[in-house]
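A.B. asks: Have a look at this one before I ask anything.
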Amino acid sequence: MAAVETRVCETDGCSSEAKLQCPTCIKLGIQGSYFCSQECFKGSWATHKLLHKKAKDEKAKREVCSWTVEGDVNTDPWAGYRYTGKLRPHYPLMPTRPVPSYIQRPDYADHPLGMSESEQALKGTSQIKLLSSEDIEGMRLVCRLAREVLDIAAGMIKAGVTTEEIDHAVHLACIARNCYPSPLNYYNFPKSCCTSVNEVICHGIPDRRPLQEGDIVNVDITLYRNGYHGDLNETFFVGDVDEGARKLVQTTYECLMQAIDAVKPGVRYRELGNIIQKHAQANGFSVVRSYCGHGIHKLFHTAPNVPHYAKNKAVGVMKSGHVFTIEPMICEGGWQDETWPDGWTAVTRDGKRSAQFEHTLLVTDTGCEILTRRLDSSRPHFMSQF
(Lines of atoms letter the chains of each structure in order from A and count residues from 1; the text may use other names and numbers.)
(Lines give C-alpha, C1' and ligand atoms only; values in the text may rest on other atoms or scores of the structure.)
Protein backbone atom coordinates (compact mmCIF):
# COMPACT_ATOMS: atom_id res chain seq x y z
CA MET A 1 0.00 0.00 0.00
CA ALA A 2 1.20 3.51 -0.76
CA ALA A 3 1.90 6.14 1.94
CA VAL A 4 -0.19 9.35 1.73
CA GLU A 5 -1.16 12.35 3.86
CA THR A 6 -3.05 11.62 7.09
CA ARG A 7 -6.80 10.98 6.82
CA VAL A 8 -9.48 9.22 8.90
CA CYS A 9 -9.76 5.44 8.52
CA GLU A 10 -12.78 4.42 6.43
CA THR A 11 -13.37 1.15 8.26
CA ASP A 12 -16.76 1.15 10.00
CA GLY A 13 -16.32 1.88 13.71
CA CYS A 14 -12.72 3.06 13.39
CA SER A 15 -11.83 6.75 13.72
CA SER A 16 -8.04 6.39 13.78
CA GLU A 17 -5.81 8.48 11.61
CA ALA A 18 -5.28 6.83 8.23
CA LYS A 19 -1.94 6.97 6.44
CA LEU A 20 -2.42 4.23 3.88
CA GLN A 21 -4.45 4.12 0.68
CA CYS A 22 -5.61 1.12 -1.33
CA PRO A 23 -3.22 0.74 -4.32
CA THR A 24 -5.94 -0.63 -6.59
CA CYS A 25 -8.10 2.43 -5.87
CA ILE A 26 -5.18 4.67 -6.82
CA LYS A 27 -4.81 2.81 -10.13
CA LEU A 28 -8.53 3.02 -10.87
CA GLY A 29 -8.82 6.67 -9.85
CA ILE A 30 -11.17 6.01 -6.91
CA GLN A 31 -11.14 8.88 -4.44
CA GLY A 32 -10.71 8.18 -0.72
CA SER A 33 -10.08 4.59 0.41
CA TYR A 34 -7.83 5.48 3.35
CA PHE A 35 -7.07 3.03 6.17
CA CYS A 36 -5.13 3.19 9.41
CA SER A 37 -3.53 -0.25 9.12
CA GLN A 38 -3.27 -3.42 7.09
CA GLU A 39 -5.58 -5.07 9.62
CA CYS A 40 -8.36 -2.54 9.02
CA PHE A 41 -7.85 -2.80 5.28
CA LYS A 42 -8.11 -6.59 5.35
CA GLY A 43 -11.13 -6.42 7.63
CA SER A 44 -12.95 -4.18 5.15
CA TRP A 45 -11.92 -6.14 2.07
CA ALA A 46 -15.20 -8.03 1.54
CA THR A 47 -17.12 -4.80 0.96
CA HIS A 48 -14.27 -2.62 -0.25
CA LYS A 49 -13.46 -4.83 -3.25
CA LEU A 50 -16.95 -4.15 -4.62
CA LEU A 51 -15.80 -0.58 -5.30
CA HIS A 52 -13.12 -1.98 -7.61
CA LYS A 53 -15.61 -4.00 -9.66
CA LYS A 54 -17.99 -1.05 -9.95
CA ALA A 55 -15.18 1.25 -11.09
CA LYS A 56 -13.95 -1.28 -13.66
CA ASP A 57 -17.45 -1.73 -15.09
CA GLU A 58 -18.01 2.02 -15.33
CA LYS A 59 -14.63 2.53 -16.99
CA ALA A 60 -15.37 -0.14 -19.57
CA LYS A 61 -18.76 1.41 -20.33
CA ARG A 62 -17.18 4.86 -20.76
CA GLU A 63 -14.71 3.42 -23.24
CA VAL A 64 -17.49 2.17 -25.51
CA CYS A 65 -20.32 4.65 -24.95
CA SER A 66 -19.00 7.10 -27.56
CA TRP A 67 -18.60 4.57 -30.36
CA THR A 68 -20.62 5.39 -33.49
CA VAL A 69 -21.06 3.85 -36.90
CA GLU A 70 -20.63 6.16 -39.85
CA GLY A 71 -21.54 5.56 -43.47
CA ASP A 72 -23.89 3.15 -45.20
CA VAL A 73 -23.78 -0.61 -44.83
CA ASN A 74 -21.63 -2.27 -47.49
CA THR A 75 -22.65 -5.86 -48.20
CA ASP A 76 -20.11 -6.38 -50.98
CA PRO A 77 -16.72 -5.17 -49.70
CA TRP A 78 -14.71 -7.56 -51.91
CA ALA A 79 -15.39 -6.73 -55.55
CA GLY A 80 -15.64 -9.81 -57.72
CA TYR A 81 -15.74 -12.37 -54.91
CA ARG A 82 -18.25 -15.16 -55.58
CA TYR A 83 -20.04 -16.07 -52.37
CA THR A 84 -20.94 -19.71 -51.86
CA GLY A 85 -24.28 -18.99 -50.18
CA LYS A 86 -26.73 -16.20 -49.41
CA LEU A 87 -24.91 -14.69 -46.41
CA ARG A 88 -23.08 -11.39 -46.94
CA PRO A 89 -20.77 -9.36 -44.69
CA HIS A 90 -22.11 -6.05 -43.41
CA TYR A 91 -19.31 -3.50 -43.35
CA PRO A 92 -17.83 -1.30 -42.02
CA LEU A 93 -16.89 -3.13 -38.84
CA MET A 94 -16.93 -1.24 -35.57
CA PRO A 95 -13.48 -0.13 -34.33
CA THR A 96 -11.52 -2.63 -32.27
CA ARG A 97 -12.78 -2.49 -28.72
CA PRO A 98 -10.20 -1.53 -26.08
CA VAL A 99 -9.36 -3.75 -23.13
CA PRO A 100 -8.57 -1.86 -19.92
CA SER A 101 -4.93 -1.95 -18.87
CA TYR A 102 -5.70 -3.66 -15.56
CA ILE A 103 -6.81 -6.84 -17.41
CA GLN A 104 -4.07 -9.48 -17.70
CA ARG A 105 -3.28 -10.06 -21.38
CA PRO A 106 -2.00 -13.07 -23.33
CA ASP A 107 1.29 -12.67 -25.18
CA TYR A 108 -0.34 -12.01 -28.55
CA ALA A 109 -2.67 -9.23 -27.35
CA ASP A 110 -0.26 -6.41 -28.22
CA HIS A 111 1.76 -8.15 -30.92
CA PRO A 112 1.46 -6.27 -34.26
CA LEU A 113 0.65 -9.53 -36.05
CA GLY A 114 -1.26 -11.02 -33.13
CA MET A 115 1.30 -13.80 -32.96
CA SER A 116 1.58 -15.99 -29.87
CA GLU A 117 5.31 -16.52 -29.40
CA SER A 118 4.64 -19.10 -26.68
CA GLU A 119 2.57 -21.14 -29.14
CA GLN A 120 5.12 -20.71 -31.90
CA ALA A 121 7.85 -22.05 -29.60
CA LEU A 122 5.97 -25.36 -29.34
CA LYS A 123 4.75 -25.52 -32.93
CA GLY A 124 5.17 -28.99 -34.39
CA THR A 125 5.47 -30.79 -31.08
CA SER A 126 3.05 -33.57 -30.22
CA GLN A 127 3.89 -33.62 -26.52
CA ILE A 128 0.74 -33.15 -24.44
CA LYS A 129 1.00 -31.25 -21.16
CA LEU A 130 -0.17 -32.93 -17.96
CA LEU A 131 -1.81 -30.24 -15.86
CA SER A 132 -0.95 -29.82 -12.19
CA SER A 133 -3.64 -29.41 -9.53
CA GLU A 134 -2.99 -25.66 -9.65
CA ASP A 135 -3.40 -25.64 -13.42
CA ILE A 136 -6.64 -27.58 -13.15
CA GLU A 137 -8.12 -25.10 -10.68
CA GLY A 138 -7.13 -22.26 -13.00
CA MET A 139 -8.88 -24.02 -15.88
CA ARG A 140 -12.00 -24.69 -13.84
CA LEU A 141 -12.31 -21.01 -13.00
CA VAL A 142 -11.80 -19.63 -16.49
CA CYS A 143 -14.07 -22.26 -18.05
CA ARG A 144 -16.84 -21.43 -15.58
CA LEU A 145 -16.51 -17.75 -16.44
CA ALA A 146 -16.51 -18.53 -20.16
CA ARG A 147 -19.76 -20.45 -19.67
CA GLU A 148 -21.27 -17.43 -17.91
CA VAL A 149 -20.39 -15.22 -20.87
CA LEU A 150 -21.81 -17.65 -23.43
CA ASP A 151 -25.04 -17.80 -21.41
CA ILE A 152 -25.25 -14.00 -21.64
CA ALA A 153 -24.84 -14.19 -25.41
CA ALA A 154 -27.50 -16.91 -25.56
CA GLY A 155 -30.02 -14.56 -24.00
CA MET A 156 -29.53 -12.08 -26.84
CA ILE A 157 -30.31 -14.43 -29.73
CA LYS A 158 -33.37 -13.14 -31.59
CA ALA A 159 -34.28 -11.66 -34.94
CA GLY A 160 -33.12 -8.06 -35.34
CA VAL A 161 -30.09 -8.29 -33.06
CA THR A 162 -26.78 -7.86 -34.86
CA THR A 163 -23.79 -10.08 -34.21
CA GLU A 164 -21.90 -6.84 -33.53
CA GLU A 165 -24.23 -6.21 -30.59
CA ILE A 166 -23.59 -9.74 -29.31
CA ASP A 167 -19.84 -9.14 -29.56
CA HIS A 168 -20.23 -5.87 -27.64
CA ALA A 169 -22.04 -7.64 -24.80
CA VAL A 170 -19.46 -10.44 -24.77
CA HIS A 171 -16.63 -7.91 -24.58
CA LEU A 172 -18.16 -6.10 -21.62
CA ALA A 173 -18.97 -9.38 -19.87
CA CYS A 174 -15.35 -10.48 -20.19
CA ILE A 175 -14.08 -7.24 -18.71
CA ALA A 176 -16.60 -7.41 -15.86
CA ARG A 177 -15.08 -10.79 -14.96
CA ASN A 178 -11.54 -9.43 -15.13
CA CYS A 179 -10.91 -11.55 -18.22
CA TYR A 180 -9.37 -10.88 -21.62
CA PRO A 181 -11.48 -12.05 -24.60
CA SER A 182 -9.03 -14.55 -26.10
CA PRO A 183 -10.01 -14.15 -29.79
CA LEU A 184 -9.25 -10.42 -29.76
CA ASN A 185 -6.10 -9.80 -31.85
CA TYR A 186 -5.27 -13.51 -31.96
CA TYR A 187 -3.42 -13.44 -35.27
CA ASN A 188 -5.22 -10.11 -35.75
CA PHE A 189 -8.77 -11.42 -35.36
CA PRO A 190 -10.68 -8.14 -34.89
CA LYS A 191 -13.43 -9.12 -32.43
CA SER A 192 -13.98 -10.59 -28.97
CA CYS A 193 -15.94 -13.66 -30.09
CA CYS A 194 -16.78 -15.58 -33.26
CA THR A 195 -20.33 -15.59 -34.64
CA SER A 196 -21.00 -18.04 -37.46
CA VAL A 197 -24.34 -17.80 -39.28
CA ASN A 198 -25.90 -20.44 -41.57
CA GLU A 199 -23.24 -21.53 -44.09
CA VAL A 200 -20.38 -20.17 -41.97
CA ILE A 201 -18.51 -23.12 -40.48
CA CYS A 202 -16.44 -21.20 -37.94
CA HIS A 203 -14.50 -17.98 -37.26
CA GLY A 204 -17.26 -15.67 -38.45
CA ILE A 205 -16.52 -12.01 -37.67
CA PRO A 206 -19.33 -10.17 -35.84
CA ASP A 207 -20.73 -7.37 -37.98
CA ARG A 208 -23.79 -5.17 -38.56
CA ARG A 209 -26.04 -7.81 -40.12
CA PRO A 210 -29.21 -8.32 -38.05
CA LEU A 211 -30.05 -11.92 -37.29
CA GLN A 212 -33.06 -13.09 -39.30
CA GLU A 213 -35.93 -15.40 -38.48
CA GLY A 214 -34.91 -18.92 -39.46
CA ASP A 215 -31.14 -18.40 -39.12
CA ILE A 216 -28.91 -20.66 -37.12
CA VAL A 217 -25.95 -18.97 -35.42
CA ASN A 218 -22.98 -20.31 -33.51
CA VAL A 219 -21.35 -18.16 -30.83
CA ASP A 220 -17.80 -19.20 -29.90
CA ILE A 221 -16.44 -17.81 -26.63
CA THR A 222 -12.94 -18.01 -25.17
CA LEU A 223 -11.76 -16.17 -22.04
CA TYR A 224 -8.27 -15.66 -20.62
CA ARG A 225 -7.89 -15.34 -16.85
CA ASN A 226 -4.84 -15.76 -14.60
CA GLY A 227 -2.83 -17.24 -17.46
CA TYR A 228 -5.42 -19.81 -18.64
CA HIS A 229 -7.86 -19.99 -21.57
CA GLY A 230 -11.37 -21.51 -21.43
CA ASP A 231 -13.18 -22.27 -24.72
CA LEU A 232 -16.73 -23.32 -25.68
CA ASN A 233 -19.44 -22.71 -28.24
CA GLU A 234 -23.07 -23.51 -29.01
CA THR A 235 -25.34 -23.17 -32.03
CA PHE A 236 -28.68 -21.40 -31.56
CA PHE A 237 -31.95 -21.07 -33.45
CA VAL A 238 -33.16 -17.59 -34.40
CA GLY A 239 -36.91 -17.75 -33.99
CA ASP A 240 -38.68 -20.54 -35.87
CA VAL A 241 -36.35 -22.67 -37.99
CA ASP A 242 -37.09 -25.39 -40.52
CA GLU A 243 -36.89 -29.09 -39.80
CA GLY A 244 -33.56 -29.37 -41.62
CA ALA A 245 -31.96 -26.87 -39.24
CA ARG A 246 -33.38 -28.70 -36.23
CA LYS A 247 -32.00 -32.03 -37.38
CA LEU A 248 -28.59 -30.56 -38.22
CA VAL A 249 -28.17 -28.83 -34.87
CA GLN A 250 -29.49 -31.80 -32.88
CA THR A 251 -27.18 -34.22 -34.69
CA THR A 252 -24.17 -31.95 -34.21
CA TYR A 253 -24.77 -31.81 -30.47
CA GLU A 254 -25.17 -35.58 -30.35
CA CYS A 255 -21.86 -35.98 -32.20
CA LEU A 256 -20.13 -33.92 -29.52
CA MET A 257 -21.71 -35.76 -26.60
CA GLN A 258 -21.06 -39.22 -28.04
CA ALA A 259 -17.40 -38.30 -28.43
CA ILE A 260 -17.28 -36.94 -24.87
CA ASP A 261 -18.75 -40.21 -23.58
CA ALA A 262 -15.67 -42.00 -24.97
CA VAL A 263 -13.10 -39.78 -23.25
CA LYS A 264 -11.04 -41.59 -20.60
CA PRO A 265 -7.41 -42.55 -20.00
CA GLY A 266 -6.02 -44.93 -22.62
CA VAL A 267 -8.24 -43.82 -25.51
CA ARG A 268 -6.42 -42.66 -28.65
CA TYR A 269 -7.31 -39.13 -29.74
CA ARG A 270 -7.78 -40.33 -33.32
CA GLU A 271 -10.68 -42.54 -32.19
CA LEU A 272 -12.93 -39.53 -31.52
CA GLY A 273 -13.23 -38.79 -35.23
CA ASN A 274 -14.51 -42.29 -35.92
CA ILE A 275 -17.30 -41.81 -33.38
CA ILE A 276 -18.29 -38.39 -34.68
CA GLN A 277 -18.29 -39.25 -38.38
CA LYS A 278 -20.26 -42.46 -37.87
CA HIS A 279 -23.11 -40.58 -36.20
CA ALA A 280 -23.01 -37.65 -38.64
CA GLN A 281 -23.09 -39.89 -41.72
CA ALA A 282 -25.88 -42.02 -40.26
CA ASN A 283 -28.01 -38.86 -40.27
CA GLY A 284 -27.01 -37.76 -43.77
CA PHE A 285 -24.43 -35.13 -42.81
CA SER A 286 -20.71 -34.60 -43.41
CA VAL A 287 -17.83 -33.65 -41.09
CA VAL A 288 -15.52 -30.67 -41.70
CA ARG A 289 -11.88 -31.75 -42.04
CA SER A 290 -9.99 -28.42 -42.06
CA TYR A 291 -10.64 -27.42 -38.44
CA CYS A 292 -10.04 -29.54 -35.34
CA GLY A 293 -10.26 -29.62 -31.58
CA HIS A 294 -7.10 -28.77 -29.67
CA GLY A 295 -5.24 -28.77 -26.42
CA ILE A 296 -5.83 -25.68 -24.30
CA HIS A 297 -4.53 -24.32 -21.00
CA LYS A 298 -1.90 -21.57 -20.80
CA LEU A 299 -1.83 -21.72 -24.59
CA PHE A 300 -4.96 -21.00 -26.65
CA HIS A 301 -4.14 -23.77 -29.15
CA THR A 302 -1.63 -26.56 -28.55
CA ALA A 303 -1.25 -30.35 -28.60
CA PRO A 304 -3.18 -32.56 -28.93
CA ASN A 305 -4.71 -32.03 -32.36
CA VAL A 306 -8.22 -33.53 -32.31
CA PRO A 307 -9.70 -34.18 -35.79
CA HIS A 308 -13.42 -34.87 -35.95
CA TYR A 309 -13.41 -37.09 -39.07
CA ALA A 310 -12.82 -40.84 -39.33
CA LYS A 311 -9.53 -42.58 -40.12
CA ASN A 312 -7.45 -39.56 -39.12
CA LYS A 313 -3.84 -39.81 -38.01
CA ALA A 314 -3.97 -37.82 -34.78
CA VAL A 315 -1.11 -38.57 -32.40
CA GLY A 316 -1.51 -39.27 -28.71
CA VAL A 317 -3.30 -41.26 -26.03
CA MET A 318 -5.49 -39.66 -23.37
CA LYS A 319 -4.07 -39.44 -19.85
CA SER A 320 -5.49 -38.08 -16.63
CA GLY A 321 -4.56 -34.39 -16.50
CA HIS A 322 -4.92 -33.69 -20.23
CA VAL A 323 -7.19 -30.77 -21.17
CA PHE A 324 -8.51 -30.31 -24.70
CA THR A 325 -11.55 -29.33 -26.75
CA ILE A 326 -13.88 -31.34 -28.93
CA GLU A 327 -15.76 -29.08 -31.36
CA PRO A 328 -17.26 -30.93 -34.35
CA MET A 329 -18.45 -28.90 -37.32
CA ILE A 330 -21.19 -30.80 -39.17
CA CYS A 331 -22.56 -29.84 -42.61
CA GLU A 332 -25.82 -30.39 -44.50
CA GLY A 333 -23.95 -30.92 -47.76
CA GLY A 334 -20.30 -31.56 -48.48
CA TRP A 335 -17.49 -31.08 -45.96
CA GLN A 336 -15.33 -28.92 -48.24
CA ASP A 337 -14.75 -25.33 -47.15
CA GLU A 338 -13.31 -22.05 -48.34
CA THR A 339 -12.45 -18.78 -46.63
CA TRP A 340 -13.82 -15.31 -47.30
CA PRO A 341 -11.33 -12.60 -48.31
CA ASP A 342 -11.32 -11.35 -44.71
CA GLY A 343 -8.95 -14.26 -44.02
CA TRP A 344 -11.12 -15.71 -41.25
CA THR A 345 -14.69 -16.56 -42.19
CA ALA A 346 -14.78 -20.26 -43.15
CA VAL A 347 -17.84 -21.21 -45.22
CA THR A 348 -19.14 -24.37 -46.84
CA ARG A 349 -18.11 -24.57 -50.47
CA ASP A 350 -21.63 -25.56 -51.53
CA GLY A 351 -23.31 -22.81 -49.47
CA LYS A 352 -25.26 -25.23 -47.29
CA ARG A 353 -25.58 -24.81 -43.53
CA SER A 354 -23.11 -25.93 -40.89
CA ALA A 355 -23.47 -26.27 -37.11
CA GLN A 356 -20.99 -26.68 -34.26
CA PHE A 357 -20.79 -27.35 -30.52
CA GLU A 358 -17.71 -27.26 -28.30
CA HIS A 359 -16.67 -28.11 -24.76
CA THR A 360 -13.35 -27.93 -22.92
CA LEU A 361 -12.66 -31.25 -21.20
CA LEU A 362 -10.40 -32.50 -18.43
CA VAL A 363 -9.40 -36.17 -18.58
CA THR A 364 -9.84 -37.73 -15.13
CA ASP A 365 -8.86 -41.12 -13.73
CA THR A 366 -12.24 -42.60 -14.66
CA GLY A 367 -13.47 -40.50 -17.58
CA CYS A 368 -13.66 -36.75 -18.03
CA GLU A 369 -14.96 -33.54 -16.49
CA ILE A 370 -16.77 -31.12 -18.79
CA LEU A 371 -15.21 -27.87 -17.60
CA THR A 372 -17.55 -25.68 -19.69
CA ARG A 373 -20.81 -27.44 -18.80
CA ARG A 374 -23.92 -25.48 -17.88
CA LEU A 375 -24.32 -25.29 -14.12
CA ASP A 376 -28.06 -24.62 -14.13
CA SER A 377 -29.05 -27.27 -16.66
CA SER A 378 -27.74 -30.38 -18.37
CA ARG A 379 -29.23 -29.26 -21.71
CA PRO A 380 -27.77 -26.93 -24.33
CA HIS A 381 -29.71 -23.75 -25.02
CA PHE A 382 -31.16 -24.84 -28.37
CA MET A 383 -33.21 -27.57 -26.67
CA SER A 384 -35.13 -24.86 -24.86
CA GLN A 385 -35.89 -23.25 -28.23
CA PHE A 386 -37.83 -26.22 -29.61
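Each position is counted from 1, following the chain as shown.
Using N, Cα and C of the backbone, Cβ positions are placed for all residues, glycine too.
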A.B. asks: Which range is it, out of 6-59, 60-113, that shows up in Swiss-Prot as zinc finger?
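C.D. replies: Among 6-59, 60-113, the range Swiss-Prot annotates as zinc finger is 6-59.
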A.B. asks: Please pick, from Glu199, Glu327, Glu332, the residue that Swiss-Prot records in the Zn(2+) 4 site together with Asp231, His294, Glu358.
C.D. replies: Glu327
A.B. asks: If you skip the near sequence neighbours and keep only those at least six away, which residues in the chain come within under 8 angstroms of His301 (protein binding site), Cβ to Cβ?
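C.D. replies: His301 (protein binding site) has long-range Cβ partners Glu119, His294, Gly295.
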A.B. asks: Where's the emptiest Cβ shell within 10 Å among the binding-site residues Cys14, Cys22?
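C.D. replies: Among the binding-site residues Cys14, Cys22, the sparsest Cβ neighbourhood within 10 Å belongs to Cys14.
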A.B. asks: Does DSSP give Glu358 (Zn(2+) 3 binding site) helix, strand or coil?
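C.D. replies: Assignment for Glu358 (Zn(2+) 3 binding site) reads strand.
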A.B. asks: Rounded to the nearest Å, what's the C-alpha distance separating Asp220 (Zn(2+) 3 binding site) and His203 (protein binding site)? Just drop the number here, would you?
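C.D. replies: That separation, Cα to Cα, works out to 8 Å.
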A.B. asks: List every residue in the same chain as Glu358 (Zn(2+) 3 binding site), at least 6 positions away in sequence, whose Cβ is under 8 Å from its Cβ.
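C.D. replies: When sequence neighbours closer than 6 are ignored, Glu358 (Zn(2+) 3 binding site) has Asp220, Asp231, Leu232, Asn233, Glu234, Leu256, Gly293, Thr325, Ile326, Glu327, Thr372 within Cβ distance under 8 Å.
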A.B. asks: Can you count the other CB atoms that lie within 10 A of the CB of Asp220 (Zn(2+) 3 binding site)?
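C.D. replies: Other Cβ atoms within 10 Å of Asp220 (Zn(2+) 3 binding site): 22.
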